[in-house]
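Presented below is the structure to which this report refers.
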Amino acid sequence: MKHTVEMVVLSVGAFLALVGAGLAQDRLFGAHMWVLFFALLAGTLVLMRRVDFRPAVAGHPGRRREYFDEVVKYGVVATVFWGVVGFLVGVVVALQLAFPELNVEPWFNFGRVRPLHTSAVIFAFGGNALIATSFYVVQRTSRARLFGGDLGWFVFWGYQLFIVLAASGYLLGITQSREYAEPEWYVDLWLTIVWVAYLVAFLGTIMKRKEPHIYVANWFYLAFIVTIAMLHVVNNLAVPVSFLGSKSYSAFSGVQDALTQWWYGHNAVGFFLTAGFLAMMYYFIPKQVNRPVYSYRLSIIHFWAIIFMYIWAGPHHLHYTALPDWAQTLGMVFSIMLWMPSWGGMINGLMTLSGAWDKIRTDPVVRMMVMAVAFYGMATFEGPMMSIKTVNSLSHYTDWTIGHVHSGALGWNGLITFGAIYYLVPKLWNRERLYSVRMVNWHFWLATLGIVVYAAVMWVAGIQQGLMWREYDDQGFLVYSFAETVAAMFPYYVMRAAGGALFLAGALLMAFNVTMTILGRVRDEEPIFGAAPLPAPAE
């Protein structure tokens with residue numbers, strides 16, 4: 001009987017969660033255990049509905065396809081779902097900043113909803129995109145089925161459980177108060193187990209490959225998986241107050257704690273949001289334009305430069321703090337050095353279109369990927385510039401930093417993920433084309449306009465903030481109180497919410513387009529000017 005082991009494990013887990021809820025040392029841990037119990041119970045019921053009690057027929061149900069794409073399909077759907085959720089929460093957070101009365105105490109105030117937004121976009125949307133695409137890419141480039149059988153399912157569902165536990169924990173107020181590492185110790189332990197399984201599945205597939213060469217995209221994926229594991233374990237070293245309680249204390253304190261946190265925080269950007277998505281760039285752009293990578297040698301140089309330099313750049317988040325000055329300067333120097341290899345990768349991605357530049361005009365998926373690479377180039381110039389101490393003295397703690405982060409996260413990570421989804425969906429579900437190519441074009445313009453409005457407004461707001469904070473009168477007193485600087489941000493915060501709403505509208509359009517494609521629908525529409533005629537809808 002299929003799924004017997006899985007059902008037993010889920011049932012035991014649900015029972016232990018119930019015991020944990022009953023013996024909890026604090027109210028929050030008890031509430032979280034109830035969340036875990038219902039999540040595992042739901043998983044058990046879903047599996048029970050899929051159980052086939054008939055004996056397996058040799059050679060028929062047991063026959064395996066060449067590639068394990070079912071888990072990739074689930075990953076693509078999860079990426080779209082969590083993306084819409086994350087962007088929606090982001091718009092809510094933006095509106096809360098502009099209109100404080102929208103803060104609903106205690107569960108939906110800004111302090112709890114903001115980490116929900118960042119984690120939903122980075123780890124739920126971005127993480128599912130990376131897991132799904134890495135499983136797809138490693139199988140194709142290795143010419144081998146995903147290693148470990150149902151291990152891929154464990155990685156996928158285990159990661160969804162992590163997302164649910166983290167998100168519910170934020171709303172309950174269970175947090176370590178460490179940016180991008182808010183989940184408490186028991187959620188961190190679960191993610192560690194899932195991540196090790198992810199590494200085993202990915203590395204095992206490479207080791208049993210039939211293709212002698214390891215394609216460069218797999219280098220970037222593997223670097224992302226290994227480095228994130230190291231960062232996660234070290235930064236989340238903590239001592240629980242009780243094994244049946246939600247509270248723990250970090251193994252680090254003071255300046256060491258701050259440095260460890262931003263060693264983790266910046267390299268989460270460097271390896272989660274950069275290396276992993278560069279792997280997507282190096283696979284999906286050549287596939288979509290049907291051209292080889294412009295310079296494979298440059299891609300290898302790009303890889304090793306990123307690996308060596310990025311890990312040192314974290315201290316630039318701690319300029320003008322108690323961190324030793326030499327450490328701040330070290331972070332600044334390595335940040336500036338990162339500019340050149342980052343732009344080398346950008347040039348490599350853009351020049352892959354050599355001989356196919358017309359596709360930017362005729363193929364909105366290519367246009368989306370190219371815009372993503374352009375935002376990558378812009379963000380990797382702006383980041384090193386902001387790490388320079390003189391510039392940082394103005395930009396630090398202002399909304400300029402928020403604009404920088406979103407131009408990278410939405411412009412680079414968001415658009416390259418959207419492009420990958422549009423590439424994958426017709427292939428995974430054996431469709432001739434997407435439901436609507438023109439909707440992709442609309443999505444492109446909504447997303448691009450939303451990012452530009454958001455980032456530009458935050459750049460202006462941040463510079464104004466920095467200048468107001470440092471404005472002194474003739475007697476050496478501050479000209480503006482902090483409350484006045486906050487009040488001055490109101491029009492910018494409203495415009496930011498509008499930019500986020502445009503980006504969300506594009507994501508909703510994508511969700512509809514993807515859903516209709518999965519259902520096998522095709523919209524009868526005129527081709528984009530200059531493009532080849534679209535296949536006619538089936539009768």
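Think of each number as a place in line: the chain as shown, counted from 1.
Here the Cβ of each residue, glycine as well, is placed from N, Cα and C on the backbone.
From the candidate list His266, His302, the residue Swiss-Prot records in the Cu cation site shared with His316, His317 is His266. Burial estimate for the binding-site residues (His117, His316, His317, His404): highest at His316, by number of other CB atoms within 10 Å. No contact links the transmembrane segment (154-174) to the transmembrane segment (405-425), because fewer than 3 Cβ pairs that are 6 or more residues apart lie under 8 A. Contacts between the transmembrane segment (298-318) and the transmembrane segment (214-234): present, as 3 or more C-beta pairs lie under 8 angstroms, all at sequence separation of six or more.
Residues 68-69, 71-72, 74-76, 78-79, 82-83, 85-87, 89-90, 146, 152, 155-156, 159, 162-163, 166-167, 170, 179-180, 182, 198, 201-202, 205-206, 215, 217-218, 221, 224-225, 268, 272-273, 276-277, 279-280, 283-284, 409, 413, 417, 420-421, 424, 428 of the same chain lie 6 or more positions beyond the ends of the transmembrane segment (118-138) yet place their CB under 8 Å from a CB of it. Taking CA atoms as the reference points, His317 (Cu cation binding site) and His117 (heme b 1; low-spin binding site) are 21 Å apart.
The Cβ of His266 (Cu cation binding site) has Tyr310, Ala313, Gly314, His316, His317 as same-chain neighbours under 8 Å, each 6 or more residues away in sequence. Sequence-distant neighbours of the transmembrane segment (75-95) (same chain, 6+ residues past either end, Cβ-Cβ under 8 Å): 102, 110, 113-114, 116-117, 120-121, 124-125, 128-129, 131-133, 135, 156, 160, 163, 414, 417, 421, 424-425, 428, 493, 496-497, 500-501, 503-504, 507-508, 510-511, 514, 518.
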